[in-house]
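Record features (Swiss-Prot):
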- Ser12, His41, Lys42, Gln54, Ile55, Glu67, Ser68: glutathione binding site (BINDING)
- 2-83: domain 'GST N-terminal' (DOMAIN)
- 91-219: domain 'GST C-terminal' (DOMAIN)
Amino acid sequence: MTPVKVFGPAQSTNVARVLLCLEEVGAEYEVVNVDFTVMEHKSPEHLKRNPFGQIPAFQDGDLYLFESRAIGKYILRKYKTREADLLREGNLREAAMVDVWTEVETHQYNSAISPIVYECIINPAMRGIPTNQKVVDESAEKLKKVLEVYEARLSQSTYLAGDFVSFADLNHFPYTFYFMGTPYASLFDSYPHVKAWWERLMARPSVKKLAAVMAPQGA
């Protein structure tokens with residue numbers, strides 16, 4: 001079987017989200033780099049894969065997909081096994097909870113944590129743009145409120161959708177991994193159930209493999 005292709009560097013949070021799903025299900029894949037320095041992401045060839053000129057793009061035979069969470073769901077459906085059932089679509093109640101917390105990650109958690117990662121890591125290191133402390137402070141306060149909700153939820157269940165790991169949990173990995181390299185990582189210390197949940201995620205073989213790829217060189 002021809003391996004699927006993922007277009008974009010593994011260090012990208014959105015690409016890493018896709019790769020994590022592939023690792024969880026044990027699928028063969030090939031990572032195809034997209035060179036941003038020469039604007040390859042805006043090339044006609046790449047725009048055929050992702051019309052918005054972004055990453056990731058995904059190829060499975062003659063099927064092309066974009067948007068990392070949609071790609072992740074496709075992967076988890078295609079390669080679903082009893083051991084790798086991360087969408088729980090055979091159980092209406094469980095699937096609904098996976099959907100709820102996937103939406104929460106997208107609209108609440110990600111919107112709070114990603115600006116901190118951008119301002120503390122991406123903008124200064126990759127773009128030469130100084131950290132905007134006002135954005136960081138506002139996002140940190142927003143993140144605290146989100147983590148309060150997570151703490152309450154995770155005091156009742158091992159993972160977000162229930163006592164089983166799911167797509168909803170995995171989606172949190174890329175940005176949280178980079179967040180833990182910022183001066184604000186200690187925020188998690190105030191939320192013991194959230195911190196324990198994160199440590200459980202970090203112990204997964206798939207997560208360990210991606211973390212090694214995403215870690216800064218020399219770290």
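Glycine too: its Cβ is placed from the backbone N, Cα and C atoms.
Features per Swiss-Prot, on structure.
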residue: Ser12; record: glutathione binding site; Cβ contacts under 8 Å, 6 or more apart: Ile55, Pro56
residue: His41; record: glutathione binding site; Cβ contacts under 8 Å, 6 or more apart: Val34, Asn50, Gly53, Gln54, Ile55
residue: Lys42; record: glutathione binding site; Cβ contacts under 8 Å, 6 or more apart: Gly53
residue: Glu67; record: glutathione binding site; Cβ contacts under 8 Å, 6 or more apart: none
residue: Ser68; record: glutathione binding site; Cβ contacts under 8 Å, 6 or more apart: Asn14, Val15, Arg17, Val18, Pro56
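Secondary structure at Glu67 (glutathione binding site), as computed by DSSP, is coil.
The most densely surrounded of the binding-site residues Gln54, Ile55 is Ile55 (count of other Cβ atoms within 10 A of its Cβ).
For the domain 'GST C-terminal' (91-219), the mean pLDDT of the prediction comes to 95. Across the domain 'GST N-terminal' (2-83), the DSSP tally of helix, strand and coil residues reads 36 helix, 16 strand, 30 coil.
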